[in-house]
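Structure record follows, encoded as structure tokens.
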Amino acid sequence: MGVPSTFLSAFFFLSCFICLYSDLAIAKHAAKGVARHYKFNIRMQNVTRLCHTKSVITVNGKFPGPRIIAREGDRLVIKVTNHVPNNISIHWHGIRQLRSGWADGPAYITQCPIQMGQSYVYNFTIIGQTGTLWYHAHVSWVRATLYGPIVILPRPNTSYPFVKPYKEVPIIFGEWWKADTEAVINQALRTGAGPNNSDAYTINGLPGPLYNCSSPKETFRLNVRPGKTYLLRLINAALNDELFFKITNHTFTVVDADASYVKPFETDTIFITPGQTSNVLIKTKNLTSNAKFLMAARPYSTAATGTFDNTTVVGVLEYNTNIMSFANTSIKSLPLPSLPAINDTSFVANWTNKFHSFGTGNVPQTVQNRFFFTVGLGNDPCPKNQTCQGPNGTKFAASVNNISFTLPTTALLQARYFGKSNNLFSTNFPNYPLKPFNYTGTPPNNTMVSHGTKVVVLPYNTTVELVMQGTTIFGAENHPLHLHGFNFYVVGQGNGNFNSTTDPMTYNLVDPVERNTVGVPSGGWVAVRFRADNPGVWFMHCHIEIHLSWGLRMAWVVMDGRLPNQKLPPPPSDLPKC
């Protein structure tokens, strides 16, 4: 009889835990951070879920990928070798990448992808961040299976600003597709329709017992001891879905968002968009029996068009339970936690307002550059002699200020650095919509988007206020916008159309939350501020992958400063070539 995979997972976790803390013990008294070396071999690996085996792209044969563990101030040196036919690039999501833009990872923005048989060393230092971030592929839809957690511990002799947890556990939400996700997105782009749905949501790669043909070993199980505090490192790695998460009869204390401490608050339900991370504490009950409680996640969606996977992934929180004993039949009999309605926009709006920075932070009090971006869906005409399945026989598209971003064939950062950007991109991205309309009311007659590779140029160290306005052309949706290379302060949000006279009066400029990914509310707006203190080319895009593929993306170019430590260093010698 084989050893259950859950036992092997527990043994592997324990081994990693021991290795980690012996490693950290060596570095304990180091005045500065240490260099931590990792080798990522990108390989195909057969993975079985829901009675279906497929070959997927993985890091070192693992799905989800192995965790990266470091302390604030450490330098990470990660050699990525591509053994698969697909082009590969990896983004270290949320890492500031201060003056290390060559390591940021989005294909054709900061680097050309790594081709089969080639390697690239990502080299960067973690500066001013503690908490949970993550890594994922950043080319086409490869991140469907290529992702994993980044655990950033405090500096040596520094503690968390909250109770020390008994144990820390990554919880990564994802999706499982029986189909090849590259075929899914290629078909969607060819037909102009919305993409086919995933077959299941997952917790740490496991879909749980509510899906047909799920085996007992395909359920995530967290075995806990009574009366202990656990730190759950939550990551939403799903391609296309924002999620609610809850554990029956338990509450969370939220202490961190996107690797920035927040003022702790209690909740029994978590909302998390693709790209976002959060650390939450859970205090277990003083139970002596072998009790079990379900944890569950399901989507939030207000989309009026297209389809989505309206299912629920389930895991189990177990007290004093022998990890060798499990059965899906007994799990299914447990009560499901009551999650918000799938379109509960008021919950999401209230959720966002609960987040406040732990300290006063450095939110810009004055603004030198103001921008107003509309974000949302539109359409493209159907090519001649082709039948399209988007709105009214057209193709779905997405845009920022009605510009659907066209990926170049050479990396923007490379072209910019070597002064060869003239024919690759233009610097006339509009600060405001060129044709204003009632963004959350009746759509304009012409909903076609324009296309181009346009960027915004920012002088070094200037301050930015960006208002992102959701549009309702093909229905109101929440858009999780992710900015590479920066954290920003979320200073305001609201319903309907942004009012430039009255809405800024409601801004929080005292303790706004600091994030790298924020939801532009369904049928509303959000305002953020940041300082352009990181020279390079920085991608900004919706983290719902189909919207990214349709063109809801753009880039910021931040100029060098005058001093040597304000300039982008030259590219590494092994930078991949297109």
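Every residue gets a Cβ built from N, Cα and C, even glycine.
For 42-155, 168-321, 437-560, the entry in TrEMBL reads domain 'Plastocyanin-like'. Residues annotated as signal peptide in TrEMBL: 1-27.
Summarised by DSSP class, the composition of the domain 'Plastocyanin-like' (437-560) is 10 helix, 60 strand, 54 coil. Summarised as a single figure, the pLDDT of the domain 'Plastocyanin-like' (42-155) averages 98. Counted with DSSP, the domain 'Plastocyanin-like' (42-155) comes out as 6 helix, 58 strand, 50 coil.
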